[in-house]
Amino acid sequence: MRTVYFNRKSLFLLLVVIGISVLCIITILNSNNNSNNIFENKGNNNILINNENFQFNVKDVNARKLLTNNNIDNDKAIFIKKMMKHAWDGYKKYAWGANELNSIQKMASSQEIFGGPRMPATIVDAADTLFIMDMMEEYKEAEEYLLKNFKMSDAIRSLSVFEMTIRFVGGFLSLFALTGKEFYKTFAKNVTDTLLVSFNSPTGLPYNIVAPKDNRTMNYGWVTNSAHILADVGTLHLEFDYLSHITGDPNYREKVINARNIIDKQKKIDNLYGLYLSKDDGHFITREVSLGAMGDSFYEYLLKEWLISDKKDNIAYEMYKKASINIRKKMIIKSNGNFTYLIELKNGKILNKMSHLSCFAVGMFALEAYHSTDENDKKEIMELAEELGYTCYQSYKRSKTGLGPEMFHFDSNQDAISLSGEVQYFLRPEVIEGIYYLAKLTGKDKYKQWNWEIAQNIEKWCRNEAGYQGIKNVYNPEIGFDSTQQSFFLAETLKYLYLTFADNKISLNKWVFNTEAHPLPIH
């Protein structure tokens, strides 16, 4: 064996070479590691990706580490998971087991609709998102809490039949479908059984509210004549039907089919459904039609009832198809600036405004087009979905924050701008939801870019130390923030953002999302 001797200069040069080699190896390993922490304090960055300039407004994004394995969509999905992690950790630290998080005051926040402060709306709403995102440590936290603590006896105040169905029943059913764990089915049944008393009405339409302690039922007093609300009575079908399917008890399905039949037999308003139905006989008591608040998810569920039945529920499809034709004939307008939008109708008058909530229709029309067997309809309806999607996206682009208001208007001077006091952003999902469907069903990359921009703007303007907050004025954010981290932010907003970039997680040919973004299997 030959012995080699080094002088000091040679030894120094050798150490330098070794050091540089080690640094190169570390850099390569970091760049190829998909699970790298992309949140480091590197300041704002502009990145050129596929010849597109992405403005990173997020204060702590490390631009170099954003690109891993040349899989840009995967990196964006990781980014959304980090947002979910921050929202979940804040809720866990400051509001664990409560309805929602007050992210500004770092405390629990409660809403009357959930039956009391001990009903864990955020945990139920978020759990399937955690599961879908493969955040298994956080998912296990949710599962263990629910298994040990969830009970309907904690519902000591009034329950919204609509909200409890879409959030709690839908959430538990989705978890059962995703995991196969029987206790989720039991939880879904327990909640639904508590709500069944709401159907004991003169019409068979469910009341809006159940007081579980004494089984009292009622409608909201602020509605004219305490009427039923279209969306509330018409957005229960997916959940009740699937519960019948997995329990073998037809009673749940029969309740919602009867309610649907009652709604359909009423005299329509220009062949459209009114927002309010008489609590005495079910007729429409006003001539108001909208795909925004009070009406939206009724139409959504007609289409999805057909889809989740594997296209066997022809009554649902016929009801939807007639409604869709009349919506397209009577409620779609182009502005002077060539923006396509959904109007509202009130006593025969046109209201030239569109709500954030009504942007759900982008996804509804995209699904209709995708499943249409008529090539002319398929093309025409998908074009409508894309035009409405562009309008909803522009309602975001035209604000200082890049986030959209509750309501936006159209007149001879401006388009997609809020003219009233409805300038808040409450972490809502509907615009993101519509863009998600466009991205998946058209395959066009621009829609992914739109949701990526929105994700960055949420991170820039809505993130705080404890979680996420709403904005009181999207045009003037200095006015202040709304403190509630809504449970639907974790159930819907972040889920649709994540799924925009995560391929093959939830196939739209096998699953149908309820209106709270809880996926239920086609059966």
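A Cβ is built for glycine as well, from the same backbone N, Cα and C atoms used for every other residue.
These come from TrEMBL:
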ACT_SITE  Glu163  active site, proton donor
ACT_SITE  Asp296  active site
ACT_SITE  Glu406  active site, proton donor
ACT_SITE  Glu430  active site
BINDING   Thr515  Ca(2+) binding site
DISULFID  Cys359-Cys392  disulfide bond
TRANSMEM  12-29  transmembrane segment
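Residue environment of Glu430 (active site) contains 24 other Cβ atoms, counted within 10 Å of its Cβ in all protein chains. The most densely surrounded of the active-site residues Glu163, Asp296, Glu406 is Asp296 (count of other Cβ atoms within 10 A of its Cβ).
For Cys359 (disulfide bond), the count of additional Cβ atoms within 10 Å of its Cβ stands at 31 [all protein chains shown]. Ranked by CA distance from Cys359 (disulfide bond), the recorded positions Glu163, Asp296, Glu430, Thr515 have Glu430 at the top as the closest.
In the three-state DSSP classification, Glu430 (active site) falls within a helix. For Glu163 (active site, proton donor), the nearest neighbour among the listed recorded positions (Asp296, Cys392, Thr515), judged by C-alpha distance, is Thr515.
Taking the C-alpha positions, the distance from Glu406 (active site, proton donor) to Glu430 (active site) comes to 11 Å. Under DSSP, Thr515 (Ca(2+) binding site) is assigned to coil, being neither helix nor strand in the three-state scheme.
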